[in-house]
Amino acid sequence: MERSLGLLLVLIVTLAIIHLVQAQSQQGFIYLDCGLSEDEVSPYNELGTGLQYFSDATFIQSGKTGRVKANLKRGFIKSFQTLRYFPEGIRNCYNLKVEKGRKHPIEARFIYGNYDGLNIGPKFDLYLGPNPWATIDLNGLENNSSKEILHIPTSNSLQICLVKTGMTTPLISSLEIRPMANNSYITKSGFLSLHNRVYLSNSSSYIRFPYDVYDRQWDEYFKNEWTPISTIRDVGTPNNNNEPPKNALTSAAMPTNASAPLTLTWGSDNPKDQYYLYEHFAEIQDLQANDTREFNIFLNGYRLYGPLIPSKATTIFSVSPLTCNEGKCSLQLIRTNRSTLPPLLNAFEIYRVIHFPQSVTNEKDVAAVKTIEASYGLSRINWQGDPCFPIQFMWDGLNCSNTDISTPPRITTLNLSSSGLTGTIAAAIQNLTELEKLDLSNNRLIGELPEFLGNIKSLLFINVSGNDLNGSIPQALQKKDLELLVEGNPRLCLSDSCRKQPKKKVLVPIVVSVVSVAIVISVLGIFLVLRKKKSTIVEGTCKRDIRIRMSSSVNATFAKKKSKRFTYSEVLKMTNNLQRVLGKGGFGMVYHGTVNGSERVAVKILSQSSTQGYKEFKAEVSLLLRVHHTNLVRLVNIMVMTTLGEQRSHERKTGEGEGRGGGAAPLGAGGGGGERRGGGRPPPPPHAARQQATTAEKAGGGRGGGGRRGAQSAGGRQQRARGPAGGGRGQPGGRGGTGGGRRRGASRRERKKSGEREGVSGWLGGEVSRGLVNRKVIWIRLGAT
C-alpha cells in the first residue's frame with residue numbers, strides 16, 4: 001500500500017513538473033549533453049527539470065566521448081553521466097548560434113568521474129571567444145565544477161573553448177545557454193561571473209527550472225547560528241527584472257541571537273576583484289501590531305543600504321562594483337535601535353566582474369571564412385574558436401590586423417596553398433573586404449579567375465599558380481596595383497586577347513579526312529617550328545601576352561629591389577668583353593655573362609638609337625617582378641648601372657679608367673663588338689641590312705630577330721659597321737652568331753642549339769624587354785637550360 005502511494009506521489013509530482021514546463025517557454029535555450037553516445041536518443045527531456053537536451057556532436061568538430069565510472073554516477077542526472085574529452089589539439093571549441101546583443105546566462109559543467117581510470121583530475125583553461133574566462137581544476141575522483149557567466153554576445157556566433165595548459169586532458173560534461181532580459185543584472189562595465197547563488201533554508205534540495213524561468217540553480221545554505229522560517233503563502237513578485245523564483249523567497253533565516261547581526265563571508269585570491277551583490281527579501285512572518293523589523297546592510301563596515309523594512313518581495317542590489325579589503329568580504333545585516341525583531345534574509349547572489357578586453361573578429365569576416373571552409377570541405381584541427389585571437393591560436397593560413405584590442409580584428413591574409421582545394425574560386429572570398437594577400441596556389445581549382453577579386457580594394461597579392469584555371473585575367477585585376485602569380489595554369493590567358501577554342505563537334509562522316517589533314521598539318525607545323533621560334537609564345541589557342549598597368553608605388557618598388565651599381569670594368573669582366581651575344585631586342589644587344597664565375601646572367605645594354613623611354617622600361621620590369629608564368633623568364637635581380645658620364649667621373653676619381661687606351665667606350669662598344677671579328681662575313685650594304693632585318697622580323701615574329709649595330713674601339717677611335725641581320729631564317733639571335741658575326745669553327749647546328757639553350761626568346765630578345773633606358777644595364781638569372 002505504501003509503495004503504491006509512493007508511486008502515485010511520484011506520478012503527481014512528475015505531472016506537475018510537466019505542466020510547469022509546458023507553461024514556461026524554452027525558446028532560445030541551448031542545452032547540450034556533452035559526450036552523449038550516438039546510439040542514445042537525442043534530444044531527450046531531463047526527468048528532474050523537463051528540460052530538453054541535445055547531443056553536442058553537431059556543435060563541435062573534435063573530441064571523444066566518455067562516461068563516468070558506474071560507482072560514481074549515483075545521484076547524477078543524465079547529462080552529468082557522460083562527457084567529451086579532447087586528447088588532440090590545444091584549443092577545442094564549441095560554436096553556437098545566439099542572439100547578438102541579448103544577455104545570456106552561460107553555464108558549463110565539468111565532472112571527471114575517473115572516466116579514464118587514471119584517478120588524475122585534469123586542469124585546463126576555459127575561454128569565451130578570444131578571452132580567458134576561468135581555470136578549471138578537477139582534482140579528485142568525482143570532484144566537479146561549474147562555471148556560469150552573464151554574457152552579452154557582440155555577434156550571432158559564440159565560441160566556448162577548452163584550452164590544454166599541461167599534461168592532463170580537458171573535458172566537459174554539459175553546456176547550457178539561455179536568453180535573458182537585457183534590463184536584468186545591469187552593470188557599468190564588464191560581465192558577471194557567478195560566485196555564489198543561494199537561498200537560506202535547512203532543506204536539502206536545489207531550485208531550478210521550471211520554478212526559475214531562467215534555470216538559475218539556487219543551492220540551499222544555512223548556518224547553525226541561524227533560525228529558519230518559512231511560509232506557504234504567496235510572497236509576491238520583486239520590484240525588479242531579476243525575477244528570483246518564488247520558491248527561494250518562501251523561506252528565510254534569522255540570527256538565533258536576536259541582537260546579533262546576520263553575517264555572510266567569502267574570500268577572493270585577488271584583492272582587486274570587484275563584485276555586484278543582490279539580496280532578496282520578503283517578510284514571511286505575521287507581525288504583531290507593535291513588532292518592527294528594521295536593519296541596515298553593511299559590507300566590511302561600510303553601509304550599503306538602510307534602514308530597510310522588508311514587506312513583500314524586495315531586491316536590494318549594488319549599482320556600482322564593490323571591492324573587499326585584502327580579498328576578505330563580510331556582508332552584515334544589523335538591526336536598528338528601534339527594531340524589535342532581528343534581521344532576515346531570504347536569498348542572495350554574488351557576482352564577480354570579469355573584463356573581456358579583446359574584441360572578437362569581425363563578424364562578416366568570420367562568416368566568410370567559415371563559408372570558404374564549408375565550400376572546400378576543409379578540416380583543420382585548429383580552425384576552431386575565434387580566427388584571429390589569441391594570437392597563439394590564430395588559424396593556420398590566416399593573418400589579421402591587431403592594431404586595437406577594442407576594435408574587431410580583420411582578416412588580412414588567406415593562405416590555402418596546397419590544401420587540396422577543388423572546384424572554382426569560392427565567391428565568399430569577396431566578403432573578406434580587408435584582405436591583402438590571397439594564396440590559392442598548388443591546388444586543383446578550375447574555372448576562370450573571378451572578376452570580384454578586382455573589387456577587393458585592399459588586395460595587394462594574389463597567387464593562383466599551380467591550378468587549372470582558364471580564360472583571361474579580368475580587366476579589374478589588370479588595373480590594380482597588385483602582384484599576380486599565375487604560372488602553372490596551362491589554359492589561363494594573360495590578356496583579354498585570348499582566343500576561345502571552337503566547340504568540338506563529333507561529325508563521323510568527316511573524321512577520316514580531318515585526321516588526314518591534321519597529320520599533314522602536324523608534320524608541316526613541326527618542320528616550321530624547328531625552323532623558326534617566335535618571341536610571342538602561344539600555348540594551345542591562348543595568346544600569352546601581358547599588359548598590366550603599374551603605379552608609381554610599383555615603380556618605386558622596382559627601383560629599390562636589390563639595386564646595385566656596377567663599374568664599366570665589372571660589366572666587361574662579367575661578359576668577357578661583351579664577347580657572346582644572345583640576341584637583340586627593341587632597345588639593344590643582350591650579352592651572355594657570368595657573376596662570381598658560376599651564376600649565368602643576361603646583360604642588356606641599350607643602344608643610343610633607342611626610341612623607347614624610361615617609363616616603358618619601368619613598366620616592363622615591374623611587370624616581370626609581379627607576374628610569374630611558365631612562359632616568361634623569371635626576373636631574379638635588377639642591377640642599374642650609372643650613365644657613361646657618371647662612370648667617367650668615377651674613373652677620374654678612382655683611376656679605374658687608366659691604361660685602357662684613352663678612355664671608356666660607350667656601352668654597346670668595345671672588345672668583341674666588331675662585325676668582322678673572327679673571320680665574320682663582310683657587312684652587307686645598309687639597304688640590304690634593313691631588308692634582311694625586316695625579313696627576320698616577319699619570319700621571327702618580332703623585333704627579337706632584328707639586326708644589331710656594333711662598334712669597335714681602337715684607342716680613342718670608334719668604327720661603326722652595320723652588321724648582318726641577326727635573325728636569319730626567323731631565329732632570334734640566330735644567324736649572325738655571337739658578337740654579331742659567325743663564331744669561328746662553329747657549325748650552323750651548334751649555333752642554333754646555343755641560341756635555343758640560352759633562351760633567346762620571350763623577354764631576352766622580344767617585346768617584353770622594350771623600355772630599357774640608354775646606357776643602363778639590367779641582368780637576370782637565366783631560366784632552366
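Note that Cβ sites are derived from N, Cα and C of the backbone, with glycine treated the same way.
For 1-23, the entry in TrEMBL reads signal peptide.
Annotation source TrEMBL lists transmembrane segment at 506-530.
Residues or ranges marked as domain 'Serine-threonine/tyrosine-protein kinase catalytic' in TrEMBL: 578-640. Averaged across the domain 'Serine-threonine/tyrosine-protein kinase catalytic' (578-640), pLDDT in this predicted model comes to 64.
When secondary structure is read from DSSP and collapsed to three states, LYS604 (ATP binding site) falls in the strand class. Cβ-based neighbour count (10 Å, all protein chains) for LYS604 (ATP binding site) stands at 23. Here TrEMBL flags LYS604 as ATP binding site.
Among the features that TrEMBL reports, region 'Disordered' is placed at 646-768.
Annotation comment: TrEMBL describes 710-723 as compositional bias 'Low complexity'.
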